[in-house]
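Right, one structure below, let's go through it.
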């Protein structure tokens, strides 16, 4: 299925049904009183998270979504039927915004629902206006109009670990090696053109979800490259995994450049715990691999784990999975306590 993470859609809730003017028509009651019923309420438009959806592609086939109008009131004070609500189903992690950028809400948990356009209230029939001083009112109300809104649906993938790196750092190879995901892998930049999710199994009962996004390039925050438009997908992650190949001319400089691009997009990303995977170590001899963390330690902060790996040669992947799982677990436990 093609991946789509942003869609514009016009939503329209239903108008309220009109109230009616009617009179009782009963045998032996020549002057029956008012009996006009109220109109039904218009249907509302809701957005609901569906755990079976992973993309907004289904929404791209429509330009507008309508809920039903309410029915007019009837005789004998019958209230008109309410219009049927319209439910827009989206993947968990979807944010709904107005065209001005105002966030109406987000749906994170499966089944969570928010109202994005409320139906109009039904109008009053003449029976409502009867009083001691007005026994035969001829007044009724039209229904209130529904709402029409132009909305933007923005998907932020739900993952535990977000991969960060420049193009051709080996992120896609890593995801395919530690999970069941099958991203395109090739020896040229930008093989990842859309975000990829992979479930990583540490043990039978210990798992986490990893998200790979297109590689970032320098000055991505100025609109260059592909990665910046997908950075929203790592905003919800608990841990950031920086993938830096040892073939880089300056490992520390590459790490700082990635931090700069993240901060330019969303400063709060730098508050997340980080792990650095030094990739492509299969080009080194075994004795050189073991010394690598000590050799490059001065180029990275002391509190950031440095893990040499080779996804191609299956070196260091188990240790990477254990470290990531422990970091995710401790971070989420701390967040739960703070909440």
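From the backbone N, Cα and C atoms, a Cβ is placed for every residue, glycine too.
Here the Cβ of residue 165 (GTP binding site) has 25 other Cβ atoms within 10 Å, regardless of which shown protein chain they belong to. Feature annotation from Swiss-Prot assigns GTP binding site to 165-172, 190-194, 212-215, 279-282, 310-312.
For the recorded site, residue 172 (Mg(2+) binding site), the DSSP three-state label reads helix. The annotation Mg(2+) binding site is assigned in Swiss-Prot to 172, 192 on the grounds of sequence analysis.
The compositional bias 'Basic and acidic residues' feature in Swiss-Prot is assigned to 72-86.
Sequence annotations record features per position, and here Swiss-Prot assigns compositional bias 'Polar residues' to 129-138. Counting residues of the compositional bias 'Polar residues' (129-138) by DSSP class, helix then strand then coil, yields 1 helix, 2 strand, 7 coil.
Per Swiss-Prot, the feature domain 'Obg' maps to 1-158; the stated evidence is sequence analysis. Averaged across the domain 'Obg' (1-158), pLDDT for the predicted model comes to 90.
Among the features that Swiss-Prot reports, domain 'OBG-type G' is placed at 159-329, with the record citing sequence analysis.
Among the features that Swiss-Prot reports, region 'Disordered' is placed at 66-86 (among others). Secondary structure by DSSP for the region 'Disordered' (66-86): 0 helix, 2 strand, 19 coil.
For the region 'Disordered' (125-148), the list of distant contacts is 10-22, 33-39, 42-43, 67, 69-70, 73, 77, 117-119: same-chain residues at least six beyond its ends, Cβ to Cβ under 8 Å. Per Swiss-Prot, the feature region 'Disordered' maps to 125-148 (among others).
Each of the binding-site residues 168, 172, 310 was scored by the other Cβ atoms within 10 Å of its Cβ; the lowest score goes to 168. Looking at 171, 280, the binding-site residues in this record, the fewest other C-beta atoms within 10 angstroms of the C-beta turn up around 280. In the three-state DSSP reading, residue 310 (GTP binding site) counts as strand.
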